[in-house]
Amino acid sequence: MTTSAPLGPPEGIHVPLITPFTDDDRVAVDALAALARSLLDAGAAGLVALGTTGEPSVLSAAERRAVVEVCAEVCRERGATLTVGVGSNDTRGTAEELRALRESTPEAGFALVPVPPYTRPSQDGVVAHFTHLSAHSPVPLLVYDIPYRTGLALAPATLRRLAALPMVAGTKRAVGSLDATSVDLLADPPPDFTVLGGDDLYASPMMALGAAGGILASAHLCTGLWAGLAAAWRDGDAVRARAAGRLLTPLAAALFAEPNPAVAKAVLHARGLIPTPAVRLPLLPASPGATASALERLAAAESVHIPAHLG
Ligand SMILES: O=C(O)C1=N[C@H](C(=O)O)C[C@H](O)C1
């Protein structure tokens, strides 16, 4: 079995890329590549291809391959971490996808694998799912814990059992709050297990508690400030981190006022960074009001300079 090149744990800000579309509803590959380069140049530590934000469920297999190829090429060029969203509620099928990912994309440092959605297995079933994947995956895994999409919340003890699996490198925590499980996990983090914030609204408090960074759709905008936020919490510079968090949290709220990634795409389009604001059904385009509010929040965040001496 081929394994990936050894990589440090993921930390800092990783951007789950939107998938831009052309006027005639094709994937805008050149715009995706330019956006990916600009995000890494602005300070993102890595890219996530085919995260929720990339609308993978409405892309064809060929389109998904094209997106991963673009992201892999840009990460290779820039020496950045590539994470790829993989997986479903079919355990064996997910293991096959992970093997295929290693063959097709040697650049993939991590696979972002959701808790099996829809089926609602028991906690033991979730552990059995990831035990099988850990035994068969050549790519290190990040457990994508997102109960409001999967329909299943993980107990703290389950997360700790997952953390002990050899190929499980960490988790992206997107539980819709700063909850007791996050507090438990970050108060006594399992060894060699990275916790990343996955809910934009709670990213700053998660990092304050010790999360190593985040996978955040909002970081398509103000990427440098998001990277600065993660660095400030990492360095224990709470004054600077809070100053950045006060600007970024309202921006994140505005970007998530309607189902992600509609508002982010509308804002990127308004800024001339992607050719259309289009999302594919069943998502609907962002409303003019939500777009205007997010653009206002963005302008406000961009207008503030946080002096380097703060903190
Ligand atoms: O694409 C992702 O991965 C993300 N998903 C969350 C979601 O499901 O909405 C949000 C996060 O910003 C990134």
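Numbering starts at 1 and runs along the chain as displayed.
Each Cβ is built from the backbone N, Cα and C atoms, and glycine gets one as well.
The site 'Part of a proton relay during catalysis' feature in TrEMBL is assigned to Thr52, Tyr118. The pyruvate binding site annotation in TrEMBL covers Thr53, Ile215. Feature annotation from TrEMBL assigns active site, proton donor/acceptor to Tyr144. Look at TrEMBL and you will find Lys172 tagged as active site, schiff-base intermediate with substrate.
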For this session: Compile a sequence-ordered list of residues in the same chain as Thr53 (pyruvate binding site), six or more apart from it, whose Cβ lies below 8 A from its Cβ; state 'none' when nothing qualifies.
Result: Pro16, Leu17, Ile18, Ala217, Asn260, Pro261, Ala264
Exercise. Taking the recorded positions one at a time (Thr52, Tyr118, Tyr144), which has its Cβ surrounded by the most other Cβ atoms within 10 Å?
Worked result: Tyr144
Exercise. Are any of the recorded positions Thr52, Thr53, Tyr118, Tyr144 near ligand 1, with a Cβ under 6 Å from it, and if so which?
Worked result: Thr52, Thr53
Seminar exercise, completed: Taking only the CA atoms, the spacing between Tyr118 (site 'Part of a proton relay during catalysis') and Ile215 (pyruvate binding site), expressed in whole angstrom, is 23
Exercise. Which number gives the other C-beta atoms within 10 angstroms of the C-beta of Lys172 (active site, schiff-base intermediate with substrate), all protein chains shown included?
Worked result: 30
Problem set entry | Rounded to the nearest Å - Cα separation of Ile215 (pyruvate binding site) and Lys172 (active site, schiff-base intermediate with substrate) | 7
Problem set entry | Rounded to the nearest Å - Cα separation of Tyr144 (active site, proton donor/acceptor) and Thr52 (site 'Part of a proton relay during catalysis') | 10
Problem set entry | Ile215 (pyruvate binding site), number of other Cβ atoms within 10 Å | 30
